[in-house]
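What follows is a single structure, written as structure tokens, with notes after it.
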Amino acid sequence: MIIEALIAVTFLAALVVFVAPDEYAGRLAAALSALPVLGSLWMWAQYDASGNALLGGSIAFETDFVWLTLGSLDLHWFVGVDGISLPLVVLTTILSTLAIISAWTPISERQSQFYGLMLFMEANLLGVFTALDFFAWFVFWEAVLVPMYFLIGVWGGPNRRYAAIKFFVYTNVASLVMFIGFIALVFGLGDSVSSMRLPEIAQALRAGELAGFAGLNAGMLKTVAFVAMFLGFAVKVPVAPLHTWLPDAHVEAPTPVSVMLAGVLLKMGTYALLRFNFTMMPDVATALVVPIAGIAVISVIYGALLALAQQDLKRIVAYSSVSSMGYVILGLVAYTTYGVGGATFQMIAHGLISGLMFMAVGVIYNTTHTRMVGDMSGIADRMPVTAGIFVAGAFGYMGLPLMAGFAGEFFIFKGSFASTVHSGMPLFTAAAMFGIVIVAGYLLFAMQRTLFGPFSFDGDYEITTAPMQDVAPLAVLLLLVIVLGVAPDLFFGMIQDAVNPILTGGGL
Amino acid sequence: MAGILDFAPAIVLLPFVSFLVALAVGDRLPKGGALAGIAATAGSLLLAAATFLTVSGGQTYNATIYTWAEGLNAVDLSFGLLIDPLSAMMLLIVTLIAFLVHVFSLGYMNDEGETGLPRYYAGLGLFTASMLGFVVANNLLMAFMFFELVGLCSYLLIGFHFREPGPPSAAKKAFLVTRFGDYFFLVGVVAVFATFGTAAFAGDGSFPVLAEAALNGEAGSVTTFGFAPQTWFTIVGLLILGGVIGKSAQFPLHTWLPDAMEGPTPVSALIHAATMVAAGVYLVARMYGFYALSPNALAIIAFVGGFTALFAATMGVVKREIKQVLAYSTISQYGYMMLGLGGGGYVAATFHLMTHAFFKALLFLGAGSVIIAMHHNENMWDMGGLKDKMPVTYYTFLSGSLALAGIVPFAGFWSKDEVLYETLIHGLGGNPILLGAYAMGLLAVFFTGFYTFRMVFLTFHGNPRSQTARDPHGVGWNVKAPLVVLGVLAATAGLVNMVPVEKLLGIKGIDFLHQWLDGGYASLTAHHYGELIPYSSSYIGSEATTVALGAGISLGLALAGAGLAYLLYDVPEPIRHTDRLGRIKTLLYNNYYQDEYQVWLANGVTRPVARAANKFDGGIVDGVVNGVSSVSLFSGSRIRRIQTGVVSNYAALLTLGLTALLVAFGLLGGWFV
Amino acid sequence: MVPPEYYLLLSAAVFCIGLFGILTRRNALLILMSVELMMNAANINLVAFSYVWGNVTGQTFGLFVMALAAAEVAIGIGIVLVLYRNFDGVDVTEATTMRW
Amino acid sequence: MSVLLQTAEATTPMWSALAPAIVLALTGLVLLGIDTVWSDDPNNTVLAGTAAGGSLLAFGITAWFLVAGTGQPQTGGAISLYGESLVVDGMSLFFTLITTIVTAMVAVAAYDYLDGHEHRAEFYSMVLFAATGMATMATANSLATAFVSLELASLPSYALVAYLRKNRGSVEAGLKYLLIGSVSSAVFVFGISLIYAASGSLIFADVASALGSGVSEMTGVVGLGVLMIVGGMAFKTASVPFHFWAPEAYEGAPAPISAFLSSASKAAGFALAFRVFVEAFPLGAIPAGVDWVLAFQVLAVVTMTLGNFAAATQENVKRMLAYSSIGHAGYALIGLAALTAGGPNGDVLGASMAHLLVYGFMNTGAFLFIALVEHWGVGRTFEDYNGLASAAPVAAVAMTVFMFSLAGLPPFGGFLSKYALFYSAIESGFWWLAAVGAVNSALSLFYYSRVVKAMWIEEPSGTFEIQSRPVGLYAAVLFAGLGTLLLLPAFGPVIETAQTVAAALF
């Protein structure tokens, strides 16, 4: 029941904070959000399951009972974690707390509402990563949109209305497409499944019990469903060319929200891709390896080029997220331990690093009130600590060894280069790897212009050292990034344990 | 065995600790953490020396000390130490130079009242630690990781003076250019894993051994991705070489190095002599067993090396700033090392790596001392006549210059001569590429001699050409001591490997370095490499005559260069003779416009492409998204027009709709038959 | 006897006349009357086929229809009355404050 | 409960199965009585209380019946009365449930809304009579009762829409509703007459058997009749092409009436439609040429598309809701459009019914919020709503719940009901219907969130003079909001009941 407790506590915290007076809301939210952190860490310490939750592995902290019956199928309340979801749960709780703290400075209006929504979002995210029944999962999946819409729409920048509605509708359309694809698949399975529990469906699919449905033969149905679900999730990831909602959302969203968006929300997409497409239908995935890997490479290079063309620090980081997520796709389609495991690890790593970068940009923004590269230079002179952490984070983003980013990326490269799913994989990998040069390019340029050089700033704000409450979360994140970079096995062990079953069997 | 080698990790960790100390409490320590750094590097030096002795006792060490990522039904990725003669020697060199640089920094940074010293010493500490970690790495992945960290440190230290416009830009360039090389290196690392399933340097399961076996057709588990093993190994080797070319500043990725002079001079000394630039060459030496299997790779290495040696030397001829001259000389000298490696002279190249470390560190520190004296004016045309004002610096600098120019018996002579000799005999063995490379290397000797002594004469001889030169700033013990140590080494280090003497006079057993590098793991010995390399040797006349001839020619060229410099510049009031070169000078002065085309590649090609992509993204990709929404809204605004508000129209439309349904279904259902 | 098809045609004709009236008239009262016509067209069918099928269901239902038609007119008149008050006229095309 | 049930079955006569409808009718009469005995202008509280009490009582009885299984297989199947012209079974009770609860909410809300209007007693009684008609529609088992109950529901509605006699909008709305309504009922009754002509009966079962046994070769007549009956249904459910009255009627009518019509009346229309087409024109029996499923597929697609697209560009919130309710009629039509011979029809129909129940809460709530806003005298356009959340946060939260629930977002009832609908559409093989629905619901998210945006995100254009916190309206709105919220976790029993009772029809 720990998972239910985790989610419930977060929901309650959201309610409490929502009605709390503004002046305490921030502190209160931070304090309350510490509970899920402790809970998730406890789970991590107690974790003893093995194997993949969807493929018959043992599931940790599992609860399962019928929730409601829809037609011929039971919908369960079925939650639990395995080596793939547990790291994401930990990431979610930790990042949420840090994001909340980082909001103390920039968020000055309607604070209780803001923090309430943050916690509400955290609760739903926890649900997304722990639910193992499709409908329950889908409820959380969609519910995440609501707080995000408000967080961007109410506390966002000048163009927030456009960004919020774009995010809202775009991702909602994606969910609908995915829903139809998946449900068609479920009915294609006919009587071989009695519920919407993902393990049941995954095993039935891998056992090849799919029958034709609605005028499509089994193979066709599988492919159509795969594509529909891939598109649906690709929007969330986001994968080029379905990414255009992301930069707008990021630029308009306040820093803490960007942190959550880049740090956790994007991972929903890759997590779902791994859980659904790549776990349930490896045969289709391997059949479509060329287009998928192609999309991955395009995302990496195209995203990096776009980042190179930006002047807004936040846009730079936003586009580079597109680039980094491309690596994840590449790792997933590789179907090797290091490929898929690395992709999962990269989710965590990128979550932490992108969070770090957005926070750092935010801290600079809090003092300068601008994010334009051209508007400032030599900031390091006035904000040495922030600049130092910024540099560290940037190198983390470039994949500096002994930082989490390198671990994730190297695992992926290693895994996908050696992958046997297609003879072209080494070339795809080599092409994608060129991203590490471009990413270095734009980050170094940005840092040279903003942080270094003679100090100059055209704006009437006093540039001074950032307050402790801004820097502390940065420091914590940086520490985590380095710890994970030096000792990836903290998560990588359980991740491999959970992804290996995916690789065996299943049309490979 | 609980021997001294078990403490080897401490060699790496001590400087790292000093990095942490300087970072954390540096500003509260005396001298801003310098003492911590000196203590740490001294400790490392002692340990390294101990290790050296142990290894000379025949012991070696190769063990995994930390599993970074434990693979589940997959290979483990681990950190390990490989202590063999090569790494032991390199450890000694690196720790020594690092120690001396730390000491020198007291004079160069502290006494000059620089700010941000904790940052500086933290950087030095991390730099040293990274390089040492790279040196002891027992597998390619670990090597790559520390290789990258070295790059980071160079970025931090070159950009130390971040408040000025120049250094940050130079730092960025250094990291970016080397990163470009490292991209290929990383692909190579991944490819090695994919090919051999391991990246270990030493042992039976190491990848050079596996590759060797594969070529002998014994291999089981080697995937070559549909290529012939030979071809594939060449490809992989060249990929890794990309990193080497970047870090060791070989053509065409050498452009970052002259800019890197923006960094503090001690850092330049460290970078050029012992750490970053040396890393590239060391990597090739480390996995020489792999390169030796591929004649094409070797030939390319040799040719690139030879070309770079000449190419950089010519540019050194016309520079104004003393550090610029040294920078190009570095590029040129590393070219020699690459030439040696490519030419089959593994020992020779290693030898040159060692000697160069000493005399180049010496020269940079000497330059640093001059710069202190000149109040940080680096223009040689403002100097002159410093030899009486600062004798210690002068004589040590002279020793280093002689070594660099390759004048017997200074260290540089022996090593450079052996490099050229090895290349020559293997070239004569029927390899025209090597001969070409040899020719270029030989020609470079002349230029080397010239620019070296042009520098010496302009700096120390003649009359002072500026007020500061007339009354230079004195330097302290902490500057002189390192100079003296290195000066002695630069003069004598060559004696450890007097192959020519051995060959000519037939005195056996004075090629100590050869014997040294024959120790350790069988698959890593000079002998083994000798058997692997695909060259055959032949001589002009006898071996002895070849030796004599080669040594004579190179020495002669060096002296000729020096002599020319003496004629032109050892005068009270030297004039800018290089101006007579006219267009050529401009060309040389602008480094053959290498930077221009690379900057153009970055700003003239990549950025426009990025901007175009951005336009495309905003216009087309996002345009479609917004287009869909606006189309829906437009159609919505049209559809609502049906609701005219006039109830009669509603009735009409209603009837119309119903009739339409009736007719359609009537026809469909065939009611009217 | 008269074949039932004729009743169908008759009722259809009446129905269409009513419909025509609705489409062409702008006077609310006339429209209501036309509706009456349409309903009575239904009644023709009901009564006629009640006879054809030989049960009284149709006729009974016809009575219901008439009653309801009357009730409808009653409400209708009321609404037309307030229409007259608010739009001073019974032209249905006048009342177009709400559209699109 | 089972004991109670036994006694109920044992002692009470059959007609008591109609208790809900009877209670509603009686309440209407009582209201009229109060109006007559009370000397002048009876007390609003008494009236509203009576109306609400009556409808709640009816609701209670219905719920009890439903739980006790009255008219369901476990207690001996449907109870048919008066020569089979009325039938009480699970489905009828289910829809009565919707009607009564909506009526109750409307009555409570009207308590404040009618402040200062005259003829309140008539208002409440007409609401109750209309409710009676709707309850009867759910039980109608013969074309005759179908028509009568439909008229019984419609006639008071016309008057109610035009209740604000001095308000041009209200009157115009009443007129349009009346005219379109009367035309539609004429079409409807003509269709009935044709069916009678073809089958010689009005009882659904007999019609089915007559058509099935091929009594008549008049396929054309049957076809015409069926399509005209479809027309009648389309009018009641505000579906294309008989939807034209809806936007104006909902916009012009008093907001509580808009709520009443768009929720209860629509639901009743569907109740009737479901029963008529499933019982009288079963897919097995109907002549091959008369493919009413295809007709409903066309109508469903056109209706949801037209409704949503037209709603997307409205400036007036109430009118936007009106169009959106047309769109939802389109969704609900899937219940008929996705029927297949031998398919999982119970699931499809049940999903549609469940959606109508949830819709009853969220849509009523939304319109009642409009009523609240009108009560405050705030304008009707989106701009007028700017910053409303700062002035009335609680109500704004409720409205947000309604909007997101209507758009089909969790954690609200509308989410599950809509997806259950798409789900069962796919289940019976009509994934393209679900796809169209998906496109539409994405668009609907856009315009529903416009309201939310106005209330929460935009800055107030002016200051609101909100002095009162009307108890009744608040109570109704919050009740609806609570219902919408609770229907997510409590969706299980709802959908299961719905699908069971729906399955009983086949």
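The backbone N, Cα and C atoms fix where each Cβ goes, glycine too.
The domain 'NADH:quinone oxidoreductase/Mrp antiporter transmembrane' annotation in TrEMBL covers A:131-432.
Non-local neighbours of the transmembrane segment (A:29-47) in the same chain are 2-3, 5-6, 9-10, 13, 16-17, 60-61, 81, 83, 86, 89-90, 92-94, 96-97, 100-101, 104, 115-116, 118-119, 122, 126, 494; each lies 6+ residues outside the stretch with a CB under 8 Å from one of its CB atoms. The transmembrane segment annotation in TrEMBL covers A:29-47 (among others).
According to TrEMBL, the transmembrane segment annotation covers A:59-78 (among others).
According to TrEMBL, the transmembrane segment annotation covers A:84-104 (among others).
The transmembrane segment annotation in TrEMBL covers A:125-155 (among others).
According to TrEMBL, the transmembrane segment annotation covers A:167-189 (among others). Listed as Cβ neighbours of the transmembrane segment (A:167-189) (distance under 8 Å, sequence separation of 6 or more from its ends, same chain) are residues 73, 134, 138, 141-142, 145, 148-149, 152, 196, 201, 204-205, 209-214, 216, 218, 221-222, 224-229, 231-236, 242, 245, 248-249, 272, 276.
Counting same-chain residues at least six beyond the ends of the transmembrane segment (A:210-235), those with a Cβ under 8 angstroms from any Cβ of the stretch are 170-171, 173-182, 184-185, 187-190, 204, 242, 245, 269-270, 272-273, 276-277, 281, 283-285, 287-288, 292, 295. Marked as transmembrane segment by TrEMBL: A:210-235 (among others).
What TrEMBL lists as transmembrane segment is A:255-274 (among others).
Summarising the annotation, TrEMBL assigns transmembrane segment to A:286-310 (among others).
Counting only same-chain residues 6+ beyond the ends of the transmembrane segment (A:347-365), those with a CB under 8 A from a CB of the stretch are 87-88, 91, 95, 98-99, 102, 106, 250, 254-256, 258-259, 262-264, 266-267, 270-271, 313-314, 317, 320-321, 324-325, 328, 371, 376, 379, 383, 386, 389-390, 393-394, 396-397, 403-405, 407-408, 450, 466, 470-471, 473-474, 477-478, 480-481, 484-485, 491. What TrEMBL records for A:347-365 (among others) is transmembrane segment.
What TrEMBL records for A:385-413 (among others) is transmembrane segment. Outside the transmembrane segment (A:385-413), and at least 6 residues removed from its termini, the chain residues within Cβ reach (under 8 Å) are 317, 320, 324, 327-328, 330-331, 334, 338-339, 341-343, 345-350, 352-354, 356-357, 360-361, 363-364, 379, 429, 432-433, 436, 439-440, 443-444, 446-447, 451, 465-466, 470-471, 474-475, 477-478, 480-482, 484-486, 488, 492.
Among the features that TrEMBL reports, transmembrane segment is placed at A:425-445 (among others).
Taken from TrEMBL, the feature transmembrane segment covers A:471-492 (among others). Non-local neighbours of the transmembrane segment (A:471-492) in the same chain are 87, 94, 98-99, 101-102, 341, 345, 348-349, 352-353, 355-356, 359-360, 363, 385-386, 389, 392-393, 396, 401-407, 411; each lies 6+ residues outside the stretch with a CB under 8 Å from one of its CB atoms.
Residues 289, 293-294, 296-297, 300-301, 304-305, 307-308, 310, 316, 320, 323, 326-327, 330, 334, 394, 397-399, 409, 413, 416-419 of the same chain, all 6+ positions outside the transmembrane segment (A:425-445), place their C-beta atoms under 8 angstroms from a C-beta of that stretch. Listed as Cβ neighbours of the transmembrane segment (A:286-310) (distance under 8 Å, sequence separation of 6 or more from its ends, same chain) are residues 223, 226-227, 230, 234, 239-240, 243, 316-327, 329-330, 333, 335, 416, 421-422, 424-425, 428, 431-432, 434-435, 438-439, 441-442, 445, 507-508. Within its own chain, the transmembrane segment (A:59-78) is flanked in space by residues 1-4, 43, 46-49, 53, 86, 131-136, 186, 191, 193-197, 199, which lie at least six positions past its ends and keep a Cβ under 8 Å from the stretch.
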